Amino acid sequence: MWTNFFKLRLFCCLLAVLMVVVLVVNVTQVEYLDHETVSATFIDSSGQFVSSQVTGISRNPYCGYDQQTLSSQERMEEDSLLAALHQQVPDVGPVPFVKSTDPSSSYFVILNSAAFFKVGSQLEVLVHVQDFQRKPKKYGGDYLQARIHSPKLQAGAVGRVVDYQNGFYKVFFTLLWPGKVKVSVSLVHPSEGIRVLQRLQEDKPDRVYFKSLFRSGRISETTECNVCLPGNLPLCNFTDLYTGEPWFCFKPKKLPCSSRITHFKGGYLKGLLTAAESAFFQSGVNIKMPINSSGPDWVTVIPRRIKETNNLELSQGSGTFPSGYYYKDQWRPRKFKMRQFNDPDNITECLQRKVVHLFGDSTIRQWFEYLTTFVPDLVEFNLGSPKNVGPFLAVDQKHNILLKYRCHGPPIRFTTVFSNELHYVANELNGIVGGKNTVVAIAVWSRFSTFPLEVYIRRLRNIRRAVVRLLDRSPKTVVVIRTANAQELGPEVSLFNSDWYNFQLDTILRRMFSGVGVYLVDAWEMTLAHYLPHKLHPDEVIVKNQLDMFLSFVCPLET
């Protein structure tokens, strides 16, 4: 009897242990399955957020910018933007280096250069490009930059380039100051190089790659992350639930996706070009090289009479080009009077009782750095944030000024950012009440140059929605957009941050925010028109002019 009872008790114990083991295995499987779930949030035609989930391991390459549901109006807008930019590059097949554009044998001619021009007159320049065999080219697609300038006056303005797709270009300038005015034209990239840049933009969105650190206890793993990940490995999906902005990381082998703690730039892919393609990207040969004039490269401009000057100012419409010009190193917008904030007290008076939000990349972080350096009463609080990353905060308690900076969400090329600090601008805007004492400035462009244009269009679409909502609930909120700017280029930098890429982004930004009710700081023209070398982070004199323009929107001259 006791023997049977002992056997029954042993059997029950074994059964209980077995049930516990099965339960643990099932819980583990459920947790593992949950971390492998690939989910995405899309936007339907009504503008509402629609969430979809696919349970299981993603085995196919996933590019988040392809997974969009757009309204018919959004689709038309995107198609129009892409068509306008893509048609600039002719498809002529492979071209040997000797038949590519040679800036040293190309030339420009000032039309009617012997005539005297008045301030406000149009100046036309004809550019003829030739190859390295000194033969005229029969197609266009070269990326040119042009400006007029008077060094002694520290004056400058940009020109509008028109490509006739036959090897000839025209540059149109508006002469905006009197005196001797010189013309400068540069070849940024030959059309053959532009075709390579376009291929990289479409086929190599991962040429700048990112990583994340995952950690749990003593176990840590690092995996690659991006908007688009190649291969068949399982993914962690970090797509934003509110905006639908896609972001993915390869799943760690041992850790769950929820253990991600940091985001950082991994590096730049090498070996992107063939030997033949590399010839189109040579410093001192065909990257940002001057094109010389055939004949005079300057004209004489005489002042207008006072009555003519008043008529000229009245005739300037909303589509004024250029938007402004430098004179004595001060930017002069053509559509309104810009104030000069030369004294810290002027800035303090303007920003008194205001909350200023700066969102975006490192080019708008320069604004935060300038203000906290120039205005002594703006005291920066140490939030323990990583250098150059943020978030940053400065306060002037006496005058009730609050200044904030926060970087935009991925892709962001900073060294290390805690994953919980990766905030999308659209989400931040949705949390702002707004009002007459609220100022918002946004600069989102420099980290999108390596991606297909659809990625940038999507980001701006989300930001635009949030801006419209903010202005609807608080119409007196001041919203300012800082545009892209030109920068220094070399053979390698051109493949990632070319001015041609940034010109595309700048064009998209201007069109998408046209008519929205925001102010524009034209950093693009303010960089190109200045005599200083181009830099991603412009020198202080240019930043100062940007801030003067920004503050003039916040505190305009009383009329």
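Cβ atoms are placed via backbone N, Cα and C, with glycine included.
Feature annotation from Swiss-Prot assigns signal peptide to 1-30; the stated evidence is sequence analysis.
The N-linked glycosylation site feature in Swiss-Prot is assigned to Asn26 (among others); the stated evidence is sequence analysis.
The feature N-linked glycosylation site is assigned by Swiss-Prot to Asn237 (among others), with sequence analysis given as support. Using a 10 Å radius centred on the Cβ of Asn237 (N-linked glycosylation site) and all shown protein chains, the other Cβ atoms total 21.
Among the features that Swiss-Prot reports, N-linked glycosylation site is placed at Asn346 (among others), with the record citing sequence analysis. Asn346 (N-linked glycosylation site): 16 other CB atoms within 10 A of its CB, across all protein chains.
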Q: Look up Asn346 (N-linked glycosylation site) in the DSSP assignment and reduce it to helix, strand or coil.
A: helix
Q | Cα distance (Å, whole number) from Asn237 (N-linked glycosylation site) to Asn346 (N-linked glycosylation site) | A | 48
